[in-house]
Amino acid sequence: MTNIRKSHPLAKIINESFIDLPAPSNISAWWNFGSLLGVCLILQILTGLFLAMHYTADTMTAFSSVTHICRDVNYGWIIRYMHANGASMFFICLFMHVGRGMYYGSYTFSETWNIGILLLFTVMATAFMGYVLPWGQMSFWGATVITNLLSAIPYIGTNLVEWIWGGFSVDKATLTRFFAFHFILPFIISALAAVHLLFLHETGSNNPSGVVSDSDKIPFHPYYTIKDILGLLLLILTLMLLVLFSPDLLGDPDNYTPANPLNTPPHIKPEWYFLFAYAILRSIPNKLGGVLALILSILILAIIPLLHTSKQRSMMFRPLSQCLFWFLVADLLTLTWIGGQPVEHPFITIGQLASIFYFSILLILMPIFGTIENRLLKW
């Protein structure tokens, strides 16, 4: 008699995805972030659902409802801070996951990679809209500044911005629609994640060496289920340390002041995970140019597979490309720092240089270094 997990239509899908899935025997801890992203998504949906039960999407009561959740709702404070810091953990895992894909050449699975880029954009949109909901000063002004960027689009820009706002400024209509979108998008993300996995399981996972591993596969369970549980425990530990000891570490103090359209904060900035893109946006004096650079800073990931010149897939045995990769990581950290600084000397110059380096590494230096390494190996 066949085991029920191999015959039952639903159990079969789970079995082929998480139990009997053939996985390379040498994938490292860098392959843990996919499952951690799944856990983050589930955590965000659950905590978000409980927050939505008490939140009111109205400009008059939104700020008070968040205060009410923290003060009066049973364990409301922990749900709120798990949701806010859970977003930070989500982005840490996302950046690690994308970085792993770039380092080990996983982008050669083009369908999986492109769905991943779509997922990244969707998660960023969701996080941005979520940041607007508490209706603090930074929520309001962040929404005003970022949505206003669309006015740089020639001819239709102004109409587009007013259409998104639902009026002539960020107001009740904007908050209501942002709440509606923030609620629905995580479910769209879940569907996209399922498609992402579907395409991944068509080809099988990549591995650190970048070599086809069909001759050396092991079952996902118990080897990688146990390994993923270790990653999960470390994720929960980090999240709970943040939530219970310094919940406001990654937030902005300005967001504890209710939104006031008559008073602009001295320095408007988004959450930390958008600062690198914000720094690239600010480094270009022209509005339309800045918006294009902002979009391209993420969209550039889509052309990375086309710029792969090396005859090796992974960077594991390519020391020159490794140096360049870590230089890129340092550059992104510099951009993140600059994004949080005021627009004054010397930060403007540092931001402009870091932005030039960012695009130069990805568009020019990476392909050149790949070719040099081929020549060094006489390929």
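Backbone N, Cα and C define each Cβ position, glycine as well.
What Swiss-Prot annotates here:
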| type | residues | note |
| --- | --- | --- |
| BINDING | His83, His182 | heme b b562 binding site |
| BINDING | His97, His196 | heme b b566 binding site |
| BINDING | His201 | ubiquinone binding site |
| TRANSMEM | 33-53 | transmembrane segment |
| TRANSMEM | 77-98 | transmembrane segment |
| TRANSMEM | 113-133 | transmembrane segment |
| TRANSMEM | 178-198 | transmembrane segment |
| TRANSMEM | 226-246 | transmembrane segment |
| TRANSMEM | 288-308 | transmembrane segment |
| TRANSMEM | 320-340 | transmembrane segment |
| TRANSMEM | 347-367 | transmembrane segment |
Inter-residue C-alpha distance, His201 (ubiquinone binding site) and His97 (heme b b566 binding site) (nearest angstrom): 17
CB within-chain contacts under 8 A for His196 (heme b b566 binding site), separation at least 6: Thr112, Ile115, Gly116, Leu119
Neighbour tally for His97 (heme b b566 binding site), based on other Cβ positions within 10 Å of its Cβ: 20
Alpha-carbon distance [His97 (heme b b566 binding site); His182 (heme b b562 binding site)] in Å: 23
Chain residues in Cβ proximity to the transmembrane segment (320-340) (below 8 Å; excluding those fewer than six residues from its ends, i.e. six or more beyond): 99, 102-103, 269-270, 272, 274-280, 282, 310, 347, 350-351, 354-355, 357-358, 361-362, 365-366, 369-370, 372-373
Stretch-level contact, the transmembrane segment (226-246) and the transmembrane segment (113-133), CB cutoff 8 A, at least 3 pairs: no
Leading stretch by Cβ pairs under 8 Å, where the reference is the transmembrane segment (113-133) and the options are 33-53, 77-98, 178-198, 288-308: 178-198
Assigned conformation of His83 (heme b b562 binding site) - DSSP reduced to three states: helix
Spatial separation of His83 (heme b b562 binding site) from His97 (heme b b566 binding site) - C-alpha basis, Å: 21
